[in-house]
Amino acid sequence: MYGVLLVLSNALFFFSIFWSSFIGFWLCLELAMLLLIPCFFYEFNNNNVYLSLLNYLIIASISSFFLVSGLLNNLNEVFILIAFIIKVGLFPFYSWFIYLINNLNWLMVFNIAVVSKITFFYFLNYQFNSTSYFNFVAILNFFILLFFIICLVFDFKSFYAISSISSSLVLLFFLFNNASFNLYVLYFIYIIVGTLVLFSFYWIENNGLNIFSICLVIGVPFSFYIFYKGISIIFLVPFNNYIFIFFWVCYSILEQIVLFNMLLENAYLKISV
């Protein structure tokens, strides 16, 4: 039953972007999110499931309100940006997203952190006229993410949550700059990377390190993770937003260093045991 609900939810997320009317998109999106609610109870040993579910429901309701308000008010870009800020866990709404990711199993993490971002494509049907608000939000969030990746990442799920938030910034950059091709290609790569890295983290947590998992997440000699970062930077260059590129590069480098350190600590603990 758990697997069926996840498949149905993923299918609704996917089909929501093909609705011609906003009402159809919104109903499809809400139903997809509701189907995930029973999946919170799949891990019965999770004592924080009720608080996680409460956070999920509150955030989903608030973000939906701003999303509907933005589209009903002649594509109010401020409201739509606020909806995305809340939905993907940008500042000042980090806490709910990080807490939620840390209290879910890996399949649910994948659905909320990766699959749900496909709804960005629906908004390619609209033309955004200004990026000034988003640029301010992005730079502010990069400052905070640089602090978080150093001070608040203690396990693989926390790392995955912070990484998901940073990737949301890049995807939203292309959305608000009306770069549909860039968004499609980068999200396709992001799904592959998100799946492989998630599988590696799950494998490391349950079976320890091996050569494949190290090469995959660190990027030696080759990794989809590094490939994803490289493609995103190449796509960003034509927009001449060098401040955004600078922070994205700095964050990406620091992220790799933190990840490498986590893998070393994990390997040391396995050897010690």
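Keep in mind that glycine also has a Cβ here, set from the backbone N, Cα and C atoms.
Feature annotation from TrEMBL assigns transmembrane segment to 12-37 (among others).
Residues 22, 26, 29-30, 33, 36-37, 40-41, 43, 78-80, 82-84, 86-87, 93, 96-97, 99-100, 103-104 of the same chain lie 6+ residues outside the transmembrane segment (49-72) yet bring a C-beta within less than 8 angstroms of a C-beta in it. Annotation source TrEMBL lists transmembrane segment at 49-72 (among others).
The list of residues near the transmembrane segment (78-99) in space but at least 6 beyond its ends in sequence, with Cβ under 8 angstroms from a Cβ of it, reads 48, 51-52, 55-56, 58-60, 62-67, 69-71, 116-117, 123, 133-134, 137, 140-141, 144, 148, 152, 158, 161-162, 164-165, 168-169, 172, 176. Feature annotation from TrEMBL assigns transmembrane segment to 78-99 (among others).
Annotated transmembrane segment per TrEMBL: 106-124 (among others), in sequence order.
Among the features that TrEMBL reports, transmembrane segment is placed at 136-154 (among others).
Look at TrEMBL and you will find 159-177 (among others) tagged as transmembrane segment. Beyond the ends of the transmembrane segment (159-177), by six or more residues, the same chain brings 77, 81, 84, 88-90, 94, 97-98, 101-102, 109, 113-114, 117, 120, 123-124, 128, 131, 134, 138, 141-142, 145, 148-149, 152-153, 183, 186-187, 190, 194, 197-198, 201, 232, 235-236, 239, 241, 244, 248, 251, 255, 258-259, 262 to within a C-beta distance below 8 angstroms of the stretch.
The transmembrane segment feature in TrEMBL is assigned to 183-204 (among others).
The transmembrane segment annotation in TrEMBL covers 211-236 (among others).
Per TrEMBL, the feature transmembrane segment maps to 242-264 (among others). Taking Cβ pairs closer than 8 Å, the transmembrane segment (242-264) reaches residues 135, 138-139, 142-143, 145-146, 149-150, 153, 155-156, 159, 162-163, 166, 169-170, 173, 204, 209, 214, 217-219, 229, 232-233, 236 in its own chain, all 6 or more past its ends.
Annotation: stretch 183-204 has the most Cβ pairs under 8 Å to the transmembrane segment (106-124), among 12-37, 136-154, 183-204.
Nonlocal intrachain contacts for the transmembrane segment (136-154), taken as residues 6+ away from its ends with a CB within less than 8 angstroms of a stretch CB, comprise 81, 85, 90-91, 94, 98, 162, 165-166, 169, 172-173, 243-244, 247-248, 250-251, 254-255, 258, 262.
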